[in-house]
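Beneath this line is the structure, given in structure tokens, with notes to follow.
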Amino acid sequence: MHARLNPKSSSAPMLDERAVEELLAKTFESYLTWCKFLGRKSNIWLPSVKQEIQQHKLLYISLYLLIWGEASNLRLMPECLCYIFHHMSYELYGVLSGAVSLITGEKVRPAYGGEDESFLNKVVAPIYNEIYAEALKNKNGVSDHSTWRNYDDLNEFFWSADCFKLGWPMRLNNDFFFTSTKNKMSHETKIQNSQLPRGSSSAQNIVDSEVPDQSQQQTISVTSQQRWLGKTNFVEVRSFWHIFRSFDRLWTLLVLGLQILIIIAWHGLESPLQLLDPIFFEDILSIFITNAVLRVLQVVLDILFSWRTRGTMRSSQKLRFVIKLSLAVTWAIILPIFYSSSQNYKACSARRPKNFLGMFCLSKYMVAVAFYLTGNVIGMALFFVPAVSSYIETSTWRICNILSWWCQAPSYVGRGMHEGQVPLLKYTSFWTVLLSSKFIFSYYFEIKPLVEPTKEIMRVNVNIYEWHEFFPQVKSNAGAILAVWAPIILVYFMDTQIWYSVFCTIFGGMCGIVHHLGEIRTMGMVRSRFCTLPEVFNACLVPRSSPKEKKGILPSFLEKKIFKDLGKSERHDPTKFALVWNQIINSFRSEDLISNREMDLMTMPMSLEYRSGSIRWPLFLVAKKFSTAVDMAANFTGNSAQLFQRIKKDNYMFCAINDFYELTKSIFRFLVIGDVEKRVIAVIFAEIKKSIQNSSLLVDFKMDHLPLLVDKFERLAEILYSNKQGLQYEVTILLQDIIDTLIQDMLVDAQSVLDQINYSETLISDNDGAFDYYKPELFASISSISKIRFPFPASGPLKEQVKRLYLLLNTKEKAAEVPSNSEARRRISFFATSLFMDMPAAPKVRSMLSFSIVTPYFMEEVKFSDEELHSDQDEASILSYMQKIYPDEWTNFLERLGTNVKSEDIRYWASFRGQTLSRTVRGMMYYRKALRLQAFLDRTNDQELYKGPVGTEREQNKRNIHQSLSTELDALADMKFSYVISCQKFGEQKSNGDAHAQDIIDLMARYPALRVAYIEEKEIIVDNMPHKVYSSVLIKAENNLDQEIYRIKLPGPPIIGEGKPENQNHAIIFTRGEALQTIDMNQDNYLEEAYKMRNVLQEFVRHPRDQTPTILGLREHIFTGSVSSLAGFMSYQETSFVTIGQRFLADPLRVRFHYGHPDIFDRMFHLTRGGISKASKTINLSEDVFAGYNSILRRGHITYNEYIQVGKGRDVGLNQISKFEAKVANGNSEQTLSRDIYRLARRFDFFRMLSCYFTTVGFYFNSLISVVGVYVFLYGQLYLVLSGLQSALLIKAHHQNMKSLETALASQSFLQLGLLTGLPMVMELGLEKGFRAALSDFILMQLQVASVFFTFSLGTKAHYYGRTILHGGAKYRPTGRKFVVFHASFTENYQLYSRSHFVKAFELIFLLIIYHLFRKSDGKFHVMVTYSTWFMAMTWLFAPFLFNPAGFAWHKIVDDWSDWNRWMMNQGGIGVQPEKSWESWWNAENAHLRYSVLSSRIIEVLLCLRFFVYQYGLVYHLKISHDNKNFLVYLLSWVVIISIVGLVKLVNCASRQLSSKHQLIFRFIKLLTFLAVVTSFILLSCLCKLSIMDLIVCCLAFIPTGWGLLLIVQVLRPKIEYYAIWEPIQVIAHAYDYGMGTLLFFPIAVLAWMPIISAIQTRVLFNRAFSRQLQIQPFIIGKTKRR
């Protein structure tokens, strides 16, 4: 920071006061806010002596950082650290000033001091132990959130002034330190309890060392009165009501909007003026009654959900709840009373005058509404002045506090989050247009078409039902109306998500165009714009030598956004661009993206000796231009000036000609050493130069011989490039031919040349002007004296010039394909595009912000081992697979290393193409390489640039410079950049001899600046007892061994909550700098992007202080998209989100949060506010996004920058993708319950709240609604057809509500088919690749059945989101990041998708079949309303097998069937994994119901009751029932179910007791059972006319009932599993799963008989691989299943 503020001062006597002040402000901004919130004075006291002020500031900063550094898990509790600092800073000032304590009369001394590790043991450890003890109550995620305190609860204890009751030294008998909720044991006993980390340093009789014996006795006597404080401020209750509670304003808008639309449609409004009609107006005003009821509901939910926080709730908050509830209930009573009694309105409306003013007749109800809306009017006024709202929320004035207290519950975070006027206007306009479109569409296509049919249904009187009707007297056919309206209403609530997707696509695309996205999309565009790159490069990436002049707002905007300063006439020096460009090309070569030849064609010349006035472009731009210029000149018919003009129009053509001229001139100067020959060549060049200057080239030379001359030069260049001794004679002949062609065939006035060299004795001229050569000839050797210098030196500038000339003349059409590698082309295109985007000006390296990178690592692959690469037991090794996937890169790799290929090189080559830690480290270390080059460019002059860093260092060494340049550059790079990998298990891996540990050490040796942090667990003996000591250790590599740098002792095991954030937290203390980038271990980086890092970091300082970003979002490129079609779908989906999605979230919506990596954090901001992620178990499963929530809630700003990108890998197989999406859906469920979402939703203004909802949990909730809507529609139709209402309505009213239902299902299918995700995808591809390519890719995706994938993905999201909210069970799901896609067995697919997809799909099929059998509607209508549901059902059933490699290979099918039967028959039990046995899997799959709360179990049972509808409705349609509608028929049907259960129980008991010893008796019992069943069927058929159709209908009736019973008994399992009934239940469950599996397996086996099906599937799944002529079958079939 000091260096940044003083770029010219390398060594100042003292720190710059501005740097100290800036650091002080950043460090203590959070602490001062905390003091202000609690009404306490800050304890940062500065002395009156000016000379001591800076020292005191530094001491306070150091104190805070020391506290933070040793705080371990307390770092995640920022206000707890504020509390500790508050007391310790007071003590620090007392010590510094020599103050005397008023209590003891002695000098102030620290309360915790005088002993080793005193702070750790006496301050950190007690609080840590409390965190640990509470975390144990989580029981690995199965406990309800309300039963234990997480990090947020413990931290929010310090949001209240009650925290000061802890005292200092802290009183361990305070309720804060009490954990148990069931018994009142003392805290001392609890600390020594086995629940705590056994033997940890924190459990070493902490209490004994903290207080004297007398105090201990007092403590023990008081702890009997201790109580568990419970949750603080918020309780994460498992309920869908959180959606309404958090986003109540959205749901109020939608409900009131629906009410208004229904009223308008019901009255048949034709003109907006009719709204002023008294009758209309009175009905519309009824929405305020609905609003009052919704407010009551919202207040009641607040009270119920906050009930368990009453122990820590302040009295003011309780008073607020009482007043809120009283007012809400009062209004909910008053408004209906006034509405019902408001007769004066109608009376005056009858006698109102016919003028405009007469239409307004105020009633009592309208006056009441006016009073009711008073608060809303004030809120609306404040909405348009966000600055006033922010001031009210953050002010300490009493009146402001009262206003804030009434509007929102008092909270430390979430205050003053309002955006400025301009952003507010932008996102308000966006949502106004969107909501207007939504409501208009809903009115005309959803609500209005249903009104008239509803009126008809209400008029029809249905007296005859086809089942036993419980409520035949219900009027207006309410059941039918509900069945018709329910799916439409669900679509109404869900379709805003579709509108958001459409508008986001349109406006996000427009924003991309404004930001120059896609300015250069292809290599053709790169070539055409390459001449402008040096200029924009210097403008963006080269620091300015002088400050930039300030411009007006409009010129500045036009320059940044539109014209990019390209109108200037001056040319910028391309030297720095050329040096950086060459480094980029070299990195491409080192990554094997390009070949040696391509590298030569793409390199820009960098030699000082042969520098010309014009830029020398890379050969891939100019090579083809030279041959074009030769043809043009040879056939040109105009004059020389016209020829010059045409050539100069093409910059590359002019460069090619100039390059050829300069290169030949330079090469001849070295090649020719004979005096006469030198004079001849000099004269020819002089003649050419004179002709060019006089514009007489076409006059002085015969250009028709030019192609022949160029051919000779081409051959000469080829020989010179080969540089072989034996070709000297051929060189001589070619030189003679060239001179002869020039003078004899091309030069018009040859005599003038001869006149200038006529004194030569070697040449004479005959009368014809031709040459007669005397011996020896030109260039020929005389007496072993050579006239030419050949061969050339093996290296040096001349060698490079010869190579360039050779490539210039020999590279023609092929140059258009350079580079041939698609990844290289993409990277070059993006780099070129980014230079035209708006990015901050680059500072010098010394002045840039310093930054660190942290990468959490657990047990993933570091680099592939030799065994993995070459293992052929599966017939297809990883190496052979990669050689097929990347054939060009493998060829380039072999070319680069030649015959020196080592095993280690191959391991790295393969690892750099997988999702390994090696790839990530290589990419991130490009930052250091870029910084070194940028530092070199900053400090060197133009002369040194041509020599490069190595040449300059050599010159300086010659001049005996004390410090070498390389050391200086390294020091500067290390000062600005550090990289820490948090290898949590490294110590354990090293002690166990794990190969991963050695691979990590090899990485550190390969990259010396790399650092690794890990957790060390060491056991020591203290007082003859083993104790475990935990430490955070930082190491580096030294002589290929790990060497410890720092060690920080921990109070206990640091992994308490979610593993990844805890892993990051333990390593964050080893990071440095002002910014921190979080990188996952499946990411990559590129050298050309690393050059832009210092520009990105300037985003932290380019904005005003109140708008300074706290998180910088960066663009990601998904590099795994080419592996398979699935990987491509995932890549496109992810790309659309990380580009167009996040771009629009950041601006204008202002709701972009943190979505993982590679975002850059303001390190000091987050260091003092809880870190870069949250770590509470379960609730913070999606730990990354909570960092964004936390940042916004604490008045941070998050931006998104697209001019830099980082690589990212994604899962490539369906099973891995589904696990990932399940994890994300789990995370969103927990977010729905979280306090962060609640506070954001309640604290955001209305339109920003809408943005937050539809881009976070709302997307998943709407996905769930869309799936539920399908079931609601089908169950509604089931009710209509089975009850007979459909038939009655069609017969009596001829009613068909086709149009509205079509619209509803069209909306649902629109979401099902993945088009919702497809819209942003097409727009982003269109921006970056061109819309023709985007359309082509989208069509190809559909041909590869992308719709099947997206529909299947929808089911995954809906299942895991809904189940997790109800029952919990959110957990991290390791997907594995293996590169290769192999076949997954049928058993594995069944385990993964049985409950999430298969069961739901079978339910849909049952509904559709029943609807088809009993419908009375037209066939076309049936197809139209059910096609998308059939598609969804088939997709959910068969997508896992369609996207399974070799899913239809016959030999795989055979293996899968055997494996399936083995899995189904294996016995489960303790220790048997779910992968081995159906029984173990069944128990694990339903385990979440064991720990579910009572309300969720009740809801689960109620949902299961839907399966009984089938039986109730269908038994009355059996012919055997003879149209009897008596309820007894339904009861008799239960006799069948009871009989089935009894038979199963009988067979099960017989099997258990008789099958082993009395086999004959057991078989006899089975025979009798079989005969009894057959006899029953025969009797029923003969006596009761039981038909085959009745048997089918019975199956449709009883199978769902049995499934519903199974689900209910699973909920009741803890109560009944020890009774005899449980065994037959388990047998029936086994039969259901076996039956479902068999039904699934049969069509797959049938398709596997047809070889063409397997070939088509492979082609669809691996289309990209086929386009590269990849034979994929051996790889996907050869993989065997390991168990």
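From the backbone N, Cα and C atoms, a Cβ is placed for every residue, glycine too.
Positions annotated as domain '1,3-beta-glucan synthase component FKS1-like' by TrEMBL: 55-171.
Long-range neighbours of the transmembrane segment (250-269) within the same chain, counting only residues 6 or more positions beyond its ends whose Cβ lies under 8 Å from a Cβ of the stretch, are 243-244, 275, 279-280, 283-284, 286-287, 290-291, 294, 435, 439, 442-443, 447-448, 450-451, 489, 492-493, 496, 1249-1250, 1253. Positions annotated as transmembrane segment by TrEMBL: 250-269 (among others).
What TrEMBL lists as transmembrane segment is 284-307 (among others). Counting only same-chain residues 6+ beyond the ends of the transmembrane segment (284-307), those with a CB under 8 A from a CB of the stretch are 234-235, 237, 239, 241-242, 244-245, 248, 251-252, 255-256, 259-260, 263-264, 275, 313, 321, 324-325, 328-329, 331-332, 335-336, 339, 365-366, 369, 372-373.
Look at TrEMBL and you will find 319-339 (among others) tagged as transmembrane segment. With a threshold of 8 Å between CB atoms, the same-chain residues lying at least 6 positions outside the transmembrane segment (319-339) that come near it are 285-286, 288-289, 292-293, 295-296, 298-300, 302-303, 306, 363-365, 368-369, 372, 405-406, 409.
Under the heading transmembrane segment, TrEMBL lists 365-388 (among others).
TrEMBL lists 1246-1265 (among others) with the feature transmembrane segment.
According to TrEMBL, the feature transmembrane segment maps to 1335-1355 (among others).
Listed by sequence, the residues of this chain that lie at least six past the ends of the transmembrane segment (1398-1415) yet keep a Cβ under 8 A from its Cβ atoms are 1267, 1270-1271, 1274-1275, 1277-1278, 1281-1282, 1286, 1355, 1359, 1390, 1422, 1426, 1429-1430, 1432-1437, 1510, 1514, 1517, 1593, 1596, 1599-1600, 1603, 1636, 1639-1640. Look at TrEMBL and you will find 1398-1415 (among others) tagged as transmembrane segment.
Under the heading transmembrane segment, TrEMBL lists 1421-1443 (among others).
Taken from TrEMBL, the feature transmembrane segment covers 1527-1548 (among others).
Annotation comment: TrEMBL describes 1560-1580 (among others) as transmembrane segment.
Look at TrEMBL and you will find 1586-1609 (among others) tagged as transmembrane segment.
Below 8 angstroms of C-beta separation, residues 1124-1126, 1343-1345, 1386, 1390, 1398, 1437-1438, 1441-1443, 1445-1450, 1452-1453, 1456-1457, 1460, 1670, 1672-1673, 1676 of the same chain, each at least six residues beyond the ends of the transmembrane segment (1640-1662), sit close to that stretch. Annotated transmembrane segment per TrEMBL: 1640-1662 (among others), in sequence order.
When each of 365-388, 1246-1265, 1527-1548, 1560-1580 is scored by its Cβ pairs under 8 Å to the transmembrane segment (1586-1609), the top-ranked stretch turns out to be 1527-1548. Residues 1520, 1543, 1546-1547, 1550-1551, 1554, 1586 of the same chain, all 6+ positions outside the transmembrane segment (1560-1580), place their C-beta atoms under 8 angstroms from a C-beta of that stretch.
Applying DSSP to the domain '1,3-beta-glucan synthase component FKS1-like' (55-171) sorts its residues as follows: 78 helix, 2 strand, 37 coil.
Within the model, the domain '1,3-beta-glucan synthase component FKS1-like' (55-171) carries an average pLDDT of 91.
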